[in-house]
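What follows is a short report on a single structure.
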Amino acid sequence: MLSKRIEEMLNDQINYELFSSYLYLSMSAYLSDLNMNGYAHWFHVQAQEEKDHAMILYNYVVSAGGRIKLAAIDGPKTDFEGIREVLEETLEHERDITSRIYNIVEEATSQRDYKTVKALEWFINEQVEEEENAVDNIAKYNMLAEDPKGLYMLDKELQARVYVPSPLLANQA
Ligand code: FEO
């Protein structure tokens, strides 16, 4: 069984992952509007992955005998000052997610809820990748921002990202 506090934190995290999906979809829409179709696609895939993250947590709460309590999802920002701002806000947002995951792990550890700690290990690893991707996107953009041809090629490269459902959800489609 999950303690009330852990159940509440996991429900909050489900909400935050869904908000993340909403935020990245909003960024994708903004980037489509700039005709940066590769960037728009990359963020569309990112939005799908965030929904997966919510569902992995959802499934864990159910399997651990907890109650799911879905709440309203905040509206994301819809306007940005350009690609750089989108990329920088992405890194900031991913760091925020990492810190929220760490808070749950800390609470679960203090409660000796090692089942939840173990379930969140996947998220700790995922966040390393998420932050690396965000840093990488900023670095590449900074390198090519002033070079229209380079930016065009970069946008093409981002178009190649393929959505792969998490193996943790593979049997539940
Ligand atoms: Fe669900 Fe981008 O972390």
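Glycine is no exception: its Cβ is also placed from the backbone N, Cα and C atoms.
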Fe cation site partner of GLU17, GLU50, HIS53, GLN127 according to TrEMBL, chosen from GLU88, GLU92, GLU94, is GLU94
For GLU17 (Fe cation binding site), the nonlocal same-chain Cβ neighbours (under 8 Å, six or more residues apart) come out as GLU50, LYS51, HIS53, ALA54, LEU57, ILE97
Secondary structure of the domain 'Ferritin-like diiron' (1-145) by DSSP, residue by residue, totals 116 helix, 0 strand, 29 coil
